[in-house]
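Structure, as structure tokens:
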Amino acid sequence: MSEMTPREIVHELNRHIIGQDNAKRSVAIALRNRWRRMQLEESLRVEVSPKNILMIGPTGVGKTEIARRLAKLANAPFIKVEATKFTEVGYVGKEVETIIRDLTDVAIKMTHQQAMEKVQYRAEEQAEERILDALLPPARDAWGQNEQSTEDTTSSNTRQIFRKKLREGKLDDKEIEVDVAAPQMGVEIMSPPGMEEMTNQLQGMFQNLAGDTKKKRKMKIKDAFKALTEEEAAKLVNQEELKESAIFNAENNGIVFIDEIDKICKRGDSSGPDVSREGVQRDLLPLIEGSTVSTKHGMVKTDHILFITSGAFQVAKPSDLIPELQGRLPIRVELEALSAHDFKRILTEPKASLTEQYIALMKTEDVGIEFTEDGINQIADAAWRVNETTENIGARRLHTVMERLMDEISFDATDRAGSKLVIDEAYVISKLGELVEDEDLSRFIL
């Protein structure tokens, strides 16, 4: 898991997300606390439970982006889900326990990748030997036994010459015939919603029945080296230890991000069973509080999994969540709506900002694009004004405005190869001015 300090985490998030300092601080502290807990003695570690977070803020201000960037920084099992995808147990739809099963699958994949990297060098050595055996098969006598001859030294020298060529890549395109593991037959099983776990078990059973079979294949040496390295690495990895390590990682370092949690708040005017709202909240309770979930890899405890939830809460309020769930989300963070100044910063400051992306895209057609400061100010102001007069969709409005602004340039780029275009205030007004001023047009076009 990540050993970054809260300050380093916030600094990294600042490279991609503008503003929202409180939210960044909260997730940075929560992530660092995961590391701190793992440094404690076993007796105290089991008593320290994570402080789950509820992020509240309008759409398009960076809630989901914080989760996306956090996933890359965490270096721990991480999964993002939409609360609206689930229904109460016993009804058609996904059950909340699939969250933990998916998290465990992510942990297995992560741990497997790390284990493969550890044995990569040894696997490459063994793959190299197998390729050399295919290139220089040992001489055999009439009874099929390897011949012992005085030419062993010569053979060894030849092998070293081929080894050198192989490492230098001079034999990459040469074809050889090697024994590789035959691809496992995939068995597609159509299952009703909520029965995914049973389907996975059936698929695994059918694959195990097929067993490990070898197949002679003719392939280029560079492709054979990759296939044989993966095969040898898989042999060197202990699958049982890998599974135990992955489950431990999921239980102690796992992070679950639940988006759109405001959409499962009960509405006051509804009547009858609310299987996709309050029912889901009640099913989430034991997961967040701490329970044991059965997965195909083994039993997984959720006591120390960190849950980060977020919602716009434009119709509902955080107090509309059932009281028990509110109590399980002790840290509340409010994200602020974005201003025109924030929009300007979003267009220029983040790594791979929108303006950078369009400049790079047009460069592929040999068209130079330059955004002037007054042009960027005008784009930011246009996006902010449309948000104010119509529906406020936050930073996502910039994508719509930029697409409209760049529409003509993108279409004619192939005819403008070698030219340079300056996007200044006058150009932006000529393309967007009428749309921004006319509220009815803004509603339908921007």
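Glycine too: its Cβ is placed from the backbone N, Cα and C atoms.
According to Swiss-Prot:
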- Ile18, Gly60, Val61, Gly62, Lys63, Thr64, Glu65, Asp259, Glu324, Arg396: ATP binding site (BINDING)
For this session: May I ask which residues of the same chain, at least 6 positions away in sequence, place their Cβ under 8 angstroms from the Cβ of Lys63 (ATP binding site)?
Result: Ala23, Met55, Gly57, Asp259, Ser310, Leu335
Exercise. Which has the fewest other CB atoms in a 10 Å radius around its CB: Ile18, Val61, the listed binding-site residues?
Worked result: Ile18
For this session: Check the binding-site residues Glu65, Glu324 for other C-beta atoms within 10 angstroms of each C-beta and report the one with the most.
Result: Glu65
For this session: Please classify the secondary structure at Glu65 (ATP binding site) using three-state DSSP.
Result: helix
For this session: In whole Å, could you give the widest CA to CA gap in the ATP site formed by Ile18, Gly60, Val61, Gly62, Lys63, Thr64, Glu65, Asp259, Glu324, Arg396?
Result: 34
